[in-house]
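J.: Okay, here's the structure, questions in a sec.
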């Protein structure tokens, strides 16, 4: 699979251009050849061309998946206390009336260790989700881009981001669902289980495999819109920041400066992600706690106001989470010296068609 994708991706308009060193001197008779000089415009970008692999190669996709594991697994696990309180606010709003009240009650009843409940299924589940989310996003982006062609890829790039991220998240949620179900049981049902090793056999004995996958449909409802917003908003925000905010071209920015742009764009995308996906997140939390309920029954019982409980906590969590995930993912790409293409530019052929070429 990866070899065929790699062959297509070489012509992908998202791949980094193969820059060449050029001579800036005047034309005419020349003396003995000296050392080649870099074009001033490409000097900074040329440094980035010492990549460890080719864009769209199997190694590229695999390392992008590794970046997804690191970025999603670590960030979700670090925010387990906030996620625990948010889940309890959703399933028992009468008891947990707010984020600070929720922390206070949890500390009083379970102690400091209680805030770490569910860390194991969180780490495993979201690591697997990150592998599929980021790895498959790069795969589908390359595939769909080659189906559209260079000009349509640029014109329809937002739709491409949405389609690629939705396709990736479909598979990512199948990988996440079992651990998400176990996590919610551990966090929201006191006395049910304290560890993953206790929860899994107990859930299987009570409901069989359905216990682990009954929440996959509402998980798609929550995560697919979330991921579509996460990737499309991030990609377009990065493009806008370099165009309107950053005072110099991306090729002239240091890697540290580029990572700052990544973090800012990630946080902006995260706020929108939280709002879009919160109603479905409330349904998933209640559904995984209760036996025999369906998503439509839970949604009807919660009502319009009920599905928005815990939104403030989720905005804080998801905004921070998304920003950190993009920052870590981009940092992993820097560490492994992977191609990091700049924001797409209008192809020369399209400029000519539109009469914009000089």
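Every residue, even glycine, has its Cβ placed from backbone N, Cα and C.
Annotations per TrEMBL:
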- 18-39: region 'Disordered' (REGION)
- 59-143: repeat 'Solcar' (REPEAT)
- 156-240: repeat 'Solcar' (REPEAT)
- 257-335: repeat 'Solcar' (REPEAT)
- 259-280: transmembrane segment (TRANSMEM)
- 311-329: transmembrane segment (TRANSMEM)
J.: Please give the average pLDDT for the repeat 'Solcar' (156-240) in this predicted model.
T.: 92
J.: Counting each residue once, how many in the repeat 'Solcar' (156-240) are helix, strand and coil under DSSP?
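T.: Each residue of the repeat 'Solcar' (156-240) counted once, the result is 73 helix, 0 strand, 12 coil.
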J.: For the repeat 'Solcar' (257-335), give the DSSP counts of helix residues, strand residues and coil residues.
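T.: The repeat 'Solcar' (257-335) comes out at 70 helix, 0 strand, 9 coil.
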J.: Taking helix as H, G and I and strand as E and B in DSSP, count the residues of the repeat 'Solcar' (59-143) in helix, strand and coil.
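T.: Secondary-structure composition of the repeat 'Solcar' (59-143): 73 helix, 0 strand, 12 coil.
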